[in-house]
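Enquirer: My questions all concern the structure below.
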Amino acid sequence: MVATPPHPPVFRGLAPSIHVWDAMTKQTLSILRCSHSKGVGYIHFSATGKLLLSVGVEPEHTITVWRWQEGTKVTSKGGHAERIFVVEFRPDSDTQFVSVGIKHIKFWTLVGGSLVYKKGVIGSVEDGRMQTMLSVAFGANNLTFTGAINGDVYVWREHFLVRVVAKAHSGPVFTMYTTLRDGLIVTGGKERPTKEGGAVKLWDQEMKRCRAFQLETGQPVENVRSVCRGKGKLLVGTKDGEIIEVGEKNAASNTMINGHTKGGIWGLATHPFKDVFISASDDGTIRIWDLADKKLLNKVSLGHPAKCTSYSPNGEMVSIGMENGEFIVLLVNSLTVWGKKRDRSGSIQDIRFSPDNRYLAVGSVENAIDFYDLTLGPSLNRIGYCKDIPGFVIHIDFSADSKHIQVSTSTYTRQVHEVPSGKMVTELPTIERITWATWTSIFGDEVLGIWPRNADKADVTCACVSHAGLNLVTGDDFGLIKLFDFPCPEKFAKHKRYFGHSAHVTNIRFSCDDKYVISAGGSDCSLFVWKCQ
């Protein structure tokens, strides 16, 4: 195992547990079944790595000490009546730790299997008042540093306040990190980059002098939530889901990881002939990703939560439907707006280009699909719509000849309509003769086998047939990815299951050459890329 274990993952729910993994082999080392009734808010290893602290989110905010390798609890005690944000061992101790949170700081000691604490004493220090504390760091000679919500850093010796570093950051000090080797301290907070300041700062051992770092990511970074330091580099985690590596000497920035920042990822579309895909999210952005290099190519901020997206078959345009009822068409090469329209006030649930690049179908929660003729220009005047849809639109697919669409609805039905008149097609022989350009419907005889035994009709959330038409992948409410043969008309069809998402899967797509599957998560706000063997 690595010398200093990282924070293990945290679980929130009816039966919270803590899983400890080996960071190198990715094997599970221990599973701790918690007494925390509602979830685990924070965890931290002791200096030797033998003990683990956990804090519950229940009203008592119980602090528990674990011998995690044995899977046993050492002791526990109510932490504070208000929320605890951070609890950390001193970096040289297995018995002393500090907790901070809403208007409190406590200095704890593990004595003979019991926990005792002393409250922080403000005294008469200038500018000193008990504030909400968000972060902790440690220094030599029993010094403790705490980052406050107003940007100050408080300096404590034992449990007495000795000094206030006023406006260490202009906004909240969200994170601090102590480097054992030389005693230097890294802070991260909310602060707009200037010549003198920034969201990341490196301080001397007593926090009297600092050096600010300007993070170069193409956009200003002014909200840092996590920092770490080692081997001449800083690692920085931002509110926008980025992890940035910064060189201490040259201050050069290298963005290592990008991601959506909040809410679910709902829209997913793969490029028709490149290893590129687009994701659309509640964070109000679309992001364009390179499958081969596994990196972000670009992002566009839209100003409203984005619910769906699609590429035109020629790869020249991309469309995005948004929660406020608006949809936008961008030119792929420049990512400039070609046209936008808002004919609905409810959320746009799916949006699709016709195979001949002529029509755009826009489905909404208003039980309607609107058709637009792109050859008439960017004014995007509606030329037809479907009005016989019994529920809101979930998925849309065009026929290969662009003359029909099939729609999945919230009433668990599949319908076929003419394009662009919107007239519903009910004749079964006509429907059976239609060849579909894509298939994302979760309903229909062709996909009857994707539904498990005793399934609720909402369990399967998304599906996609490969371009070769031989396989079908699905995502469900339990975070599972399943692979079927297509078609699969027999009930409870055989399949392979794959685990990764921690919450419901919102969307799924094959890459242009069927070599990859991309899946999007809701509550876990994640994108997974699966390689097809």
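The backbone N, Cα and C atoms fix where each Cβ goes, and this holds for glycine too.
Annotations in TrEMBL come from automatic prediction, not curation.
According to TrEMBL, the record shows the following:
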type   : residues : note
DOMAIN : 15-245   : domain 'EML-like first beta-propeller'
DOMAIN : 265-532  : domain 'EML-like second beta-propeller'
REPEAT : 265-299  : repeat 'WD'
REPEAT : 498-533  : repeat 'WD'
Enquirer: Which bits of the chain, at least 6 residues beyond where the repeat 'WD' (498-533) starts or stops, bring a Cβ under 8 A of a Cβ in it?
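Expert: Residues 241, 259-275, 277, 279, 281, 289, 291, 294, 461-468, 471, 473-483.
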Enquirer: In the repeat 'WD' (265-299), how many residues does DSSP call helix, how many strand, and how many coil?
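Expert: Across the repeat 'WD' (265-299), DSSP assigns the residues as follows: 0 helix, 23 strand, 12 coil.
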Enquirer: Across the domain 'EML-like second beta-propeller' (265-532), what does the pLDDT come to on average, as a whole number?
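Expert: Overall, the domain 'EML-like second beta-propeller' (265-532) comes to a mean pLDDT of 94.
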